[in-house]
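Novice: Provided herewith is a single structure, encoded as structure tokens, for subsequent inquiry.
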Ligand SMILES: Nc1ncnc2c1ncn2[C@@H]1O[C@H](COP(=O)(O)OP(=O)(O)OP(=O)(O)O)[C@@H](O)[C@H]1O
């Protein structure tokens, strides 16, 4: 407990009774979340205090410049002891940040900007700092991470993927080394022993998924020895009697916090076991064959949210054609369940959009991040149906053994904070679900990002032609172009078009993720065209050669609006970073998902009539898109609320049978 006093800052926090420090799940009445959601909308008057804090930090700068390295370190250790006693007060933080800033100048060659000092302070106040894209969150986080770690707290810097965890850790290592802080990185392929070593460090860089799974494994290993728990322990690597992997949930600094806390929070993280599949494999093949032969609006109906169901006529038809199959096909419930699953597999989930085939396996692609999620499978037989559709080996069905949502997991940290470029739309939800308030941090320099407007095409084919034309036009002026696509399929379609026309380009998607760092490193070259999925949408820092600035900087083309305006803004945020120039534009089609799934039919018809030739009225289109994106966000918000409710029920049920703390 002694090493986290600074984090608690006098707050009354109920702690769990497990082997390491964490909070117990908050028991809140629904009205509390609503009240917090409402409170999130109130303005915060902190300007004067923030300015005083900046003045105090800057006033110490000159003095820190003359310290030799050892004095710098000794003084920071003394400040850490003070923070330990007094908490992260402005006075302590000003002194600590001034020293870390100087250490960074000496080791990384980068002096924290004032706005980064404000972001660091916001983090240690347990808030979410909204810093525009490219403003330097990686460096800003070092202020909070070093200060917290110096007080002895286990400091987790949470990133959205392994690539960013490794990149950010590597980037900041000289600073941490200088300050004598041990740094660890957790990556997907690491053994339990290596993970434990990484978490034992002062600061650990880790992706949200790895961290949460490691926590679940600990929870399992610490559980009681019921049959389920025993199997869980085996899953965790037979670690009976071994120390936990983590050393506690002290402080989490979440980068790209809206992605982790909102977008990824619609599904719980699950540890499951494979059940021996006692279903006859012909059930899958027959169901898929049958589903392929059924007619839409005759035998089955579907809505834009991928819900598919058999019509009464369809049910009769299925009963008739399966009459001779026998076995489980005799039960109406199972028969209809199989066929509905198969219909979803055939019509609702598409290869290279929702999943890819890699090593002869169906691997889910996370649409918002563009990355494969090798450990995830769809539930209740859907994954097996898709495997059957694709002719892959059918894996056993999986049964949930332990699960947790991000809402519950991150709520257990003693101090939770985060950063992102795009928080304003979800500020109320973040406050309601995590009790995190958003503080907007100003930019270091005025932004020089210019939006060139939107082009709406009458069909997808016309869109790809227009995108290719625009990319070539801009690249021929010596500027690099980043084209953002929504799926592997779309990225490859555009790449094929470039290829057919002999236009040099690079591709970054879930199938080509091995060369990610290299693709990003080269994407800022003169006249370079890079086609990427959302993999390049967040966190990616495309460095520009000096002559590119003269030419106008990076140009970003968005080829399809995402359901979330935040994801679009993140893609646009790849250009015009740190005061550089840059331009953006959207070249989309009326066939896109946002329009077909979220626009009511009459409005779709109006849009189609507005698209004369290629262009629609720009202002009108913008409003329309914003309205659709609001609708879509509301839809997903409802999904998240549902997930949270089901997770709470799951946890309550386990508590009732007394099998686990979760
Ligand atoms: N104080 C500084 N002085 C000089 N360069 C800086 C400073 N802070 C950040 N940078 C540079 O600015 C660029 C953007 O930084 P970074 O990638 O951390 O931004 P970000 O805010 O995380 O962006 P995104 O929102 O896209 O994730 C990097 O090249 C980084 O080295």
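Heads up, the Cβ atoms here are built off N, Cα and C, so glycines get one too.
Fair warning: this is a prediction, and the values are worked out from it, not measured in the lab.
So TrEMBL says this about it:
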type: DOMAIN; residues: 32-619; note: domain 'SecA family profile'
type: BINDING; residues: 116, 134, 135, 136, 137, 138, 541; note: ATP binding site
type: DOMAIN; residues: 118-293; note: domain 'Helicase ATP-binding'
type: DOMAIN; residues: 466-632; note: domain 'Helicase C-terminal'
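What's the neighbourhood like for these features in this structure?
Specialist: In the three-state DSSP scheme, residue 136 (ATP binding site) falls into the coil class. There are 20 other CB atoms within 10 A of the CB of residue 136 (ATP binding site), with all protein chains counted.
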Novice: If you count CB neighbours within 10 Å, which one among the binding-site residues 116, 138 has the smallest count?
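Specialist: Counting other Cβ atoms within 10 Å of each of the binding-site residues 116, 138 gives the minimum at 138.
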Novice: List, in sequence order, the same-chain residues at least six positions removed whose CB sits under 8 Å from that of residue 135 (ATP binding site)?
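Specialist: Residue 135 (ATP binding site) has long-range Cβ partners 115, 116, 119, 421, 441, 443, 444, 577, 578.
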Novice: How many other Cβ atoms sit within 10 Å of the Cβ of residue 137 (ATP binding site)?
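Specialist: Counting Cβ neighbours of residue 137 (ATP binding site) within 10 Å gives 25.
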Novice: Indicate whether residue 116 (ATP binding site) is helix, strand or coil by DSSP.
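Specialist: For residue 116 (ATP binding site) - judged by DSSP and reduced to three states - the answer is helix.
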Novice: Using a Cβ-Cβ cut-off under 8 angstroms and a sequence gap of six or more, which residues of the chain neighbour residue 134 (ATP binding site)?
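Specialist: 421, 541, 573, 574, 576, 577, 578, 580 - these are the non-local Cβ neighbours of residue 134 (ATP binding site), listed in sequence order.
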Novice: So how many other Cβ atoms are close to residue 541 (ATP binding site), meaning within 10 Å of its Cβ?
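Specialist: Result for residue 541 (ATP binding site): 17 neighbouring Cβ atoms inside 10 Å.
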Novice: Through the lens of DSSP with three states only, how would you label residue 541 (ATP binding site)?
Specialist: coil
